[in-house]
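The structure's right below; bear with me while I get my questions together.
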Amino acid sequence: MGLSASSPLQGSPEMYATRLPEDSADPTKAESTDTQGWKQYDYIVVGGGTAGCVLASRLSEDRRITVLLLEAGRSHNGRLVDMTHIPIAFQQLFKTEVDWDFETTSQKNVDERRIYYPRGKVLGGCSGTNAGIFHHCAPEDFDDWEKIGAAGWGYKDMRPYLLKAEKYLPNPAFPNVKVDNRGSSGHIFTRKSEDAAPVNKVIIEACGKLGIPYTEDLNTPSGTLGATEFIGTIDTTGKRSSTASAYLTPSVLARPNLTVGINVRVERIVFSSSDSADTDATPRASGVIIATSPSSPRFGVCVSREVIVCAGAVATPQLLMLSGVGPAAELNELGIAVVKDLPHVGRNLADHITCGSLVFRARRGPRITLDHLAHPLHGALALAQWLLTGRGPMASIAASAGAFLRADDPALRGAFASAASPGVAVRDRTSGAGAPDIEIAWGAAVLLDNGLQKPPPGCPGLTFSAIALRPESTGAITLASRSVWSAPLIDTNYFASENDLNVLVRGTRLLLRLARTEPLASLLDLEPHPDGVLDGEDVFWPGSADPDAVTDEQLKAWIRKKAGPVFHPVSTARMGAGAGDSVVDNVLRVHGVAGLRVVDASVFPTQVSGHPCAVVVAMAERAAELIRGSL
Ligand SMILES: Cc1cc2nc3c(=O)[nH]c(=O)nc-3n(C[C@H](O)[C@H](O)[C@H](O)COP(=O)(O)OP(=O)(O)OC[C@H]3O[C@@H](n4cnc5c(N)ncnc54)[C@H](O)[C@@H]3O)c2cc1C
C-alpha cells in the first residue's frame, strides 16, 4: 500500500493476518467462526483513532503482551506537507481522503436537510482532523456520570487522567494559567497560541461588557464558565498534536510487540462458538475479519485476551451490529445472526448543535480578519512561514477563542431579551449549577457552510456560532446494510425537543448583542449591502438585523435552515448498569459478552458540556490501566 519495507506501519494484511476462504465475510455466520490457525495477538484494538492510539501505546508498554492496532485510514505521516498537521486547516480536510464524509438522514426539524457529518479517517482519527480545542468540559459533567451509575468516572477519577494526557507549554502572555492546573508530562502537547487572531482580545473585552467574564483557563476544578482564548493541541513546532503523533512516536512504533495495520477495515468481530448444549453460554470475542476493500481477500486475526473497539460513536455501534451484537429485531431483519441481543447499541446518540454561521461584515480599514489567507499568494506565504518557523496564522487553531455560559444567567438577561418578541422559555439541562448550556465560538474569517461554500469576494468578516451544549433530543445509528463498506444511517433527530431550538434562539440573540457592544461594534459594518448576497441570500443576515426588530420566529426559521452539528456525537454504546439502559459496564466491557470492550466517545453515559476530545483521551488512559489491571 505504498509503504516502504522499513515502515513500522503495515499496509498489507499478509504481513500480520491470516488469509481466509472466500465466504468468510458472511455476517449470517457471525456466531460460529473457527479461528484455529489464525495469527494471534493478546489484544486487538479496532480503530486507530483518538482512543485507539492511546490504548495501543499504553498496552504495548508491557513488552510481554502483543497488540494489534487496525485503522481504516492512512498514516498521519509520510508526506512533505500533510494538511492534517496544520492546526488552522481543519476545514480543508473536509470531504478529503482523511474524512469518512458521512451525512445524516433527512432531518425533519431542520427543513428536511441531510447534513454533512465529518469523521476522521486517519491514524489519530478525529484528533488528527478536528478543530484542536483542548477542553476538560465541566467538572459537573463527570459527577453527573457517576450519579447516574458510571461508578469510577466522576471528576475526582477523571481529572488525574486529563492531566496525565497533557504536556502544557506555558506562554508568558497568559500568566494566569496556573501550571499546577495543567498536565506537564503527558503526551499531547497543549498551548495557548501566540499566533491566534488579534481580534480575539477585542471580542473577549466586548463579552466582558455584555456580562461574560474573562477567564484565562477554562480547564480547572473551578469550572468552565467565561470567555477565553482556547488552549489548543499544538506542539513545540507549531504542528497539530494528535493521539497518533503524541502516542505513536517512532520509538513506540518500533516496539516488537506492537503491530499497526493501516488502510484496513474491520468487517466484523467473530465469537467463539458456544457449547450447543448450553444455549445461555456467554459468547466470547475471539478475533476479527478484515479487508482492504469490498472485493479484496479477507484476512483473520484472533485474540487471546480482548478485542477493544475504538471505532468512534458512528462506527462502533455499526461494527457491533454487523457482528451480531445489537437490537435482535433489527439484526434479524437484515439476516445478521444474533450473538447478543443488546437493544441500546446505536441508541442515545447525543450531539451538540449550532445555530449555523452568524457572519458579521468587517468595516473597511485596518485588517482584523484572516480572510486574506484564502488568496493563493497570502496562503502560500503563511504556509511558508509555518513550514520554516512553525509560527504565523497557520500555527493557530481556527476557532481560537470562545465563551461558555448559561441560558438562565441573570447577568445576561438583557442580552437574551428583545423588544420584538416576548422571549423563549428554556429548561435547565445543565449538569450542575456551575456548568454551561451554551457555547459561543468564533473564527476570524467569513466561513459559510463549514467553509465548504465560497464567501462573497471582497467582503471580509467574522463568523460566530452559538452551540447548544446540553440538547434534549437524541437520535440513533442504525444499519443501512450488512456491509461495513456502506455508511450506517445517522439520525441525529435534531430539535425533536423545542427546548434545544429555544436555547439556540437565546444564543443567537446574545451574539447579535455582542456584535453591537464596544469595542467590537466599531470594527463591524452592520448595514445590509447588495454585494453580500449569494444565491439570492444575504449571507450577513441575521448578523445585520436589529436585535430589537428581528422576532424569535424569524430566528427560529433561520436556525432550522442553517443549524448543523459541532461534530461531537457520543453515547451510542453508552456505559451503565445493565443491558436495560446501556451497552457497556463501568469497566467498559460489553454486557453479556466476554473478551469485548468499547473505549471511545460512544461509551459516554451522557453528553459533556464542551469539546470531548480530551475527555476521550483521558478515558482511554484510564481504560488502559483498567485493562492492565493496575487500577
Ligand atoms: C471536524 C471535527 C472537529 C472537532 N473539533 C473538536 C475540537 O476542537 N475539540 C474537541 O475536543 N473535539 C473535537 N471534535 C470531536 C472529537 O475529535 C471526537 O469526539 C473524538 O476525537 C472522538 O474520538 P474517538 O476515539 O471516539 O473516535 P475517532 O477519533 O473518530 O476514532 C475512530 C477511528 O476508528 C477508525 N475506524 C472506524 N471504523 C473502522 C473499521 N471498521 N475498521 C478500522 N478502523 C475503523 C476511524 O477511521 C477512526 O480513525 C471534533 C470532531 C470533528 C470531526
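From the backbone N, Cα and C atoms, a Cβ is placed for every residue, glycine too.
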Which stretch does TrEMBL mark as region 'Disordered', out of 1-34, 273-306?
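It is 1-34 that TrEMBL describes as region 'Disordered'.
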By a 10 A CB contact count over all chains shown, which of the active-site residues listed here is most packed: H568, H611?
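Result for the most crowded candidate: H611.
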Specify the secondary structure state of H611 (active site, proton acceptor) as given by DSSP, simplified to three classes.
coil
Taking just the CA atoms, what is the gap between H611 (active site, proton acceptor) and H568 (active site, proton donor) in Å?
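Rounded to the nearest whole number, the Cα-Cα distance is 7 Å.
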Restricting to the same chain and to residues at least six past its boundaries, which positions have a Cβ under 8 Å from a Cβ of the domain 'Glucose-methanol-choline oxidoreductase N-terminal' (312-326)?
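Contacts with the domain 'Glucose-methanol-choline oxidoreductase N-terminal' (312-326): 27, 30-31, 46-47, 49-50, 100, 102, 117, 119, 125-126, 266-271, 336-343, 345-346, 349, 477-479, 482-484, 488, 490, 569-573, 583, 590, 593, 596, 598, 600-602.
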Just to confirm my parser: what is the rounded mean pLDDT across the domain 'Glucose-methanol-choline oxidoreductase N-terminal' (312-326)?
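On average, pLDDT over the domain 'Glucose-methanol-choline oxidoreductase N-terminal' (312-326) sits at 98.
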Using DSSP, what's the helix, strand and coil tally for the domain 'Glucose-methanol-choline oxidoreductase N-terminal' (312-326)?
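Within the domain 'Glucose-methanol-choline oxidoreductase N-terminal' (312-326) the tally stands at 11 helix, 2 strand, 2 coil.
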